[in-house]
Amino acid sequence: MGIPLTWMLLVMMVTSWFTLAEASNSTEARRCSECHNNATCTVDGVVTTCSCQTGFTGDGLVCEDMDECATPWTHNCSNSSCVNTPGSFKCSCQDGFRLTPELSCTDVDECSEQGLSNCHALATCVNTEGDYLCVCPEGFTGDGWYCECSPGSCEPGLDCLPQGPDGKLVCQDPCNTYETLTEYWRSTEYGVGYSCDAGLHGWYRFTGQGGVRMAETCVPVLRCNTAAPMWLNGSHPSSSEGIVSRTACAHWSDQCCRWSTEIQVKACPGGFYIYNLTAPPECNLAYCTDPSSVEGTCEECRVDEDCISDNGRWRCQCKQDSNITDVSQLEYRLECGANDIKMSLRKCQLQSLGFMNVFMYLNDRQCSGFSESDERDWMSIVTPARNGPCGTVLRRNETHATYSNTLYLANAIIIRDIIIRMNFECSYPLDMKVSLKTSLQPMVSALNISLGGTGKFTVRMALFQSPTYTQPHQGPSVMLSTEAFLYVGTMLDGGDLSRFVLLMTNCYATPSSNSTDPVKYFIIQDSCPRTEDTTIQVTENGESSQARFSVQMFRFAGNYDLVYLHCEVYLCDSTSEQCKPTCSGTRFRSGNFIDQTRVLNLGPITRQGVQASVSKAASSNLRLLSIWLLLFPSATLIFMVQ
């Protein structure tokens with residue numbers, strides 16, 4: 001059974017159509033260089049074919065752009081605009097719309113997206129389809145791109161005033177923009193004259209000797225250098241009232257308010273008044289000031305206080321941002337000084353917690369608080385940096401000494417409510433000074449030295465157990481073996497430490513407590529160590545406020561069991577003297593004269609194993625030492641310096 005003729009004809013027609021279509025978009029070529037720039041070259045054996053790329057139409061040798069936007073079925077832009085491009089197309093939206101992933105356009109809300117609207121700061125942005133509007137607030141004028149205020153449209157305390165070179169009207173605080181009237185003749189005590197304030201218009205502040213605020217009572221005629229003096233018929237406002245309206249009256253012909261005009265008054269945070277004045281209704285009329293009013297009534301206000309006016313009187317009041325609701329929010333200041341510890345609390349914050357009459361004390365109630373001021377008002381309390389006073393407790397480890405105490409707060413001397421307790425402490429790294437203060441009975445020596453003039457310097461000298469110089473020997477005497485080392489430290493306390501340094505000029509040992517004993521063993525002489533004794537090491541001398549040396553323990557030849565140490569010290573002015581010794585090479589040793597008024601003494605030190613009692617030898621020193629320990633925690637030497 002053969003294929004019907006009708007089907008054969010149909011197949012031939014379709015095949016012919018595809019062949020023609022293919023031939024219309026591609027062409028055989030001899031080489032690829034014959035293909036158009038927007039065509040693709042394919043090589044199949046010996047056949048080279050040029051075919052136009054997608055988005056182009058032609059025979060491959062010549063290809064032209066196909067306009068997909070010309071017919072709706074060749075692009076998929078729905079409610080967006082189709083824009084033809086070489087070989088393709090794109091969908092575009094009008095201004096105010098945004099293209100979605102589905103290639104449709106949606107409205108842009110310029111009012112909700114930052115940076116898209118240009119409305120004035122006071123205007124309200126209103127979104128519309130494809131656009132937006134700017135609307136000025138009620139009482140303001142303008143196109144929304146710029147809004148100007150009008151009288152009565154500003155918030156309380158502000159006024160509609162011109163600003164900038166173009167004089168556009170904006171709401172401003174008149175306390176920051178006013179003119180000054182300084183004429184002394186405005187005083188109600190000034191006599192006759194014929195001044196007239198016809199040219200006044202705007203906000204003004206009165207300053208100078210004539211007074212700083214308007215008179216509040218009727219002023220006699222022919223005063224204030226004018227015929228009919230003008231006065232404020234009413235009281236001045238308080239700071240919380242903002243801008244108030246008052247009547248200014250002019251006294252003439254036995255009528256205290258013969259003429260009147262309305263003015264505005266405001267109490268400003270800086271402790272002064274400003275007045276929105278208008279020209280008087282007649283001439284000669286002028287505004288008068290009260291000479292009893294004074295400037296600077298708020299100069300004592302601190303940074304955490306506002307200057308406010310109550311019934312025409314200025315006073316300082318804590319700012320609202322000082323208010324707290326919990327003790328944990330208290331701002332404190334802890335100062336860990338060399339001799340004292342001070343704890344301070346902000347007074348305004350205490351008042352916001354209800355402490356109007358603060359009663360502050362420490363573990364020892366005899367140590368109570370006091371008021372002090374700098375930029376702020378504080379309630380402070382001080383305790384010596386020592387164990388015991390004010391109930392202060394000392395804790396000590398190998399590296400630090402820590403003093404702690406408890407601060408108690410009450411609202412009065414008698415207590416019915418819960419009192420507040422605040423623990424505080426200061427930690428000090430152990431050095432020679434701190435270690436002496438934290439020792440119960442360090443081996444020290446004391447001597448007062450005066451260098452004519454004024455200025456007191458204290459020098460201490462102590463014997464330590466190790467090269468760290470943080471553990472002083474305790475007690476009135478020390479027993480050591482000849483293998484042990486003596487670590488001696490001297491330190492300058494107080495005075496101008498940036499200028500003066502401590503120099504040990506002569507340090508020596510004697511077998512008796514007499515520093516002038518002819519039997520002397522010099523450890524340091526003429527500021528330099530004894531070179532024959534290799535155990536001597538000067539750690540520091542003439543470089544800072546402290547000086548240190550060490551030497552191995554020894555005994556004197558003969559029937560001597562005790563050793564006493566003596567050091568002559570000197571305060572060297574580093575700004576004008578060479579203080580650090582130069583000890584290299586052979587040096588002449590004088591040591592003939594030692595100023596005993598500059599000598600500190602330590603001892604006795606006895607050799608371990610000696611059974612002889614040293615109590616008698618130390619008794620006189622112990623009695624003297626016990627007296628000094630009540631005054632100083634270490635050996636002291638006082639310098640009086642000009």
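Cβ atoms here come from the backbone N, Cα and C positions, even for glycine.
Bear in mind that the values here come from a model prediction, so they are computed numbers and not experimental data.
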Feature region 'Flexible ZP-N/ZP-C linker' in Swiss-Prot, mapped to one of the ranges 119-142, 431-454: 431-454
59-67, 95-103, 599-607, 608-616 - the range that Swiss-Prot marks as region 'External hydrophobic patch (EHP)': 599-607
Selected from C147, C171: Swiss-Prot disulphide partner of C154: C171
Per Swiss-Prot, the range holding region 'Beta hairpin', considering 149-172, 293-316: 149-172
Surrounding residues of the domain 'EGF-like 2' (65-106) on its own chain - C-beta under 8 Å, 6+ positions past either end: 38, 53-57, 129-131
Densest Cβ neighbourhood among C69, C224 (disulfide-bonded residues), 10 Å radius: C224
Set of same-chain residues at least 6 away whose C-beta sits under 8 angstroms from C567 (disulfide bond): M461, V488, T490, M504, N506, C507, I524, V599, L600
Helix, strand and coil residues within the region 'Beta hairpin' (149-172) as assigned by DSSP: 0 helix, 10 strand, 14 coil
Minimum Cα separation from C119 (disulfide bond), reported as the residue among disulfide-bonded residues C77, C147, C288, C298 that achieves it: C147
Neighbour count (Cβ, 10 Å) for C288 (disulfide bond): 29
Disulfide-bonded residues compared (C77, C134, C171, C307) - the one with the fewest other Cβ atoms within 10 Å: C171
Rounded inter-Cα distance in Å - C316 (disulfide bond), C154 (disulfide bond): 28
Nearest of the disulfide-bonded residues (C63, C134, C307, C348) to C154 (disulfide bond) - Cα to Cα: C134
